[in-house]
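Novice: Sharing a structure with you now.
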Amino acid sequence: MKIFIFLPQMEHITTPKIEDVRLLDRFNTRKPALGNLYLTATHLIFVDPAGKRETWIQHMHISSVEKLPLTTSGSPLQIRCKTFQTATFVIPREKSCQELYTSLQKLSKPATLNEVYAFHYKSASFQTGLPARWDPFDLKADYARMGVPNGNWCATSVNKNYEICDTYPKVIHVPVSASTPVLVGSARFRSRGRLPVLSYLHKDNNASMSRCSQPLAGFSARCLEDEQMLQAILKTNPKSTFMYVVDTRPKINAMVNKASGKGYESTDFYTNIKFKFLGIENIHVMRNSLQKLTEVCELKNPSMEAFLTGLENSGWLKHIKAIMDTSAFIARALSDEGVSVLVHCSDGWDRTAQTCSLASLLLDSYYRTIQGFQVLIEKEWLAFGHKFLDRCGLVSYDSREFSPVFTQFVDCVWQLTQQFPCAFQFNERFLLELHDHVFSCQFGNFLGNCEKDRVDNRISERTYSLWAYMQERMADYYNPLYKADSPATGGILRPNLTPQMFRFWRGMYNRYDNGVHPREPIADILNAMKDHSSSLSDHVQFLENKVSCLKDILGVSEDGDVSDLSDGKAASLPEISSLESSSEDSSEKELDTSIPPDNKTLENHRSAMTDNRRADQGLLLNSPNKPINIRREDSGEILSASLLAEAVESVSLNWRGFRNIRQCVCSSPFDHFSRKYHCWKCGEVFCIRCIDKQTTLPGHFYERPVAVCRPCYKELKLGSSDAASPPPSQPTSPSITTFQPQLDNLINENHN
């Protein structure tokens, strides 16, 4: 839902509306879209009345705004976004273009943290206050799931006031044998005070993954406390005689850092340690690689050779592979060798966060669930101090600090989902939504460079949480192929890391180029089929329950005979023999010919109702104008023909397919990444704006809210209010001549 609100940034808007603007399409330059451009405090919106299309660009997503050379048709303005959206607008007047350029420069780069969108965003969907919408992440809970504390590891509050390390959480987990002086001494010897702490414990063999920053070793410096700290980590795994120290940097980079008094551990001072340099490049190389990748994605009608050459020259997939190689090495060391690993890069908040979180994904199926993945982000990225504010450029920033570290992590996770499509509970849409909201600043989770920053700025008190927002849209993020208990996907993942297995993520980097995507995402089709199957199964159970209830009321046995009832209810029913067998056969034939192949199961249950219609005649009408009801004496339940008809008609048997549906009934066009939603009552397809209601369906056995369109929602609510009116106090017995045609018509109407 898009919400317009007043923000202090309104003062930067000098031209809120520009008419007769052209939006260029790089795949079809001859037919640009013509419309109006609106500038609000949070978004730049282009409205194309002829194409019935809206293009929304959030200010915080903008990475650059560039004025291109003047043309005969106007002044072009090119906007590039951190979400890989690119838009070029041709504005009729150069003055309007300059004013828009100036406004966007200010709106896309807030001067201070307090000016970002999150502190002014008001959500209409959250009914409770701000603090209630935050579910504080409990670091101890995740460690408790791993079995920590135990005899080898413990939680310590030595950093409770962020005194030892201001970029670590208040509570850290360290070896039991490491005393406070050892912890303090090790912190002083590590860059930014980031001493070795526990990240993940592999319960099967007590092998651990710890993380830290580079030592301040220089060319010859040493620290006894730091050496004791690493020996304490080694002792937590009695089955192993050594441990790995994984330096994620290229060795040449680590050697250069020695000149500035940093560097890496010396083999002369650290015993029983094996050192590994695994060659992930620094943030500057990654930033340049992303720039080259973006240029490749913006090529106009590139040839195959130009695209592949540009992709190779960017080195993007090579860097993705390097990150995956390092993560897989760490995971194999823990699971296969049973050896503990200490991971660091330079400061321990970029490459260390990438590799530790990916190794955890490979080792632990819990992190492959939606909730577990959120916990992983909170722990490895937020609690341990990844610099989101600097790396994502969320406020006015030093361009040298910007780097796509988190984007690379999300890309690596997507690579894993392609190799293991049944292992992850979340889908591609979940990853894209998460990536976009890291940059949007709409929620407070990623504001600040560390936990201390978020505490000092009272983020949880002043903003909404992204996790609460995503919780309300969980159905959009489920992977229909997910199998939690499968032996192949529920345990440790062992990805194939050969070069040909790494793919270019078209869904991320060419997301806004509609012409390059398949017609429908397979995951959306599978989700629709799953929902439809669930609806039909629920309806079948409802019908089975209703038939069983009626048999119980009327005393009908399984073979269809009417039992002798002591209260005399069955005596008033017409004789079974009065029904013509030919009439039954004819009705059954008519049913058989109208049954769709894919709904055979459901129709069999309705046929069963027809076979038992002599016993169910109390549901229908005694006369064309007066309903007849049966009251169940033990519960007071009233069953009537109108209620049954309403229940049967409330569930759509046939859902409309997605193919060739290019727009919603509200005329909003669908693109590749616009999810299409089915109304569970009428089976039609709608956009998210038109299907914002949920309610229970009378024809479902389980009273669970499901998605319905607005007209169906109104119809159901009116029907439920009518059903609440008092029923007739004394029902009369129906006649068999009225009963049979009404039941046949009721069923046939639902076939058609």
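Here the Cβ of each residue, glycine as well, is placed from N, Cα and C on the backbone.
Here's the feature list from TrEMBL:
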- C345: active site, phosphocysteine intermediate (ACT_SITE)
- 572-581: compositional bias 'Low complexity' (COMPBIAS)
- 133-509: domain 'Myotubularin phosphatase' (DOMAIN)
- 666-717: domain 'FYVE-type' (DOMAIN)
- 561-604: region 'Disordered' (REGION)
Novice: If I restrict to non-local contacts, at least six residues apart, and a C-beta distance under 8 angstroms, what lies near the residue listed as 'active site, phosphocysteine intermediate' in its own chain?
Specialist: S213, Q214, D247, T248, R249, I280, R351, T352
Novice: Please report the three-state DSSP label of the residue listed as 'active site, phosphocysteine intermediate'.
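Specialist: In the DSSP reduction, the residue listed as 'active site, phosphocysteine intermediate' maps to coil.
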Novice: For the domain 'FYVE-type' (666-717), DSSP counts of helix, strand and coil?
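Specialist: Tallying H, G and I as helix, E and B as strand, the rest coil: 8 helix, 11 strand, 33 coil.
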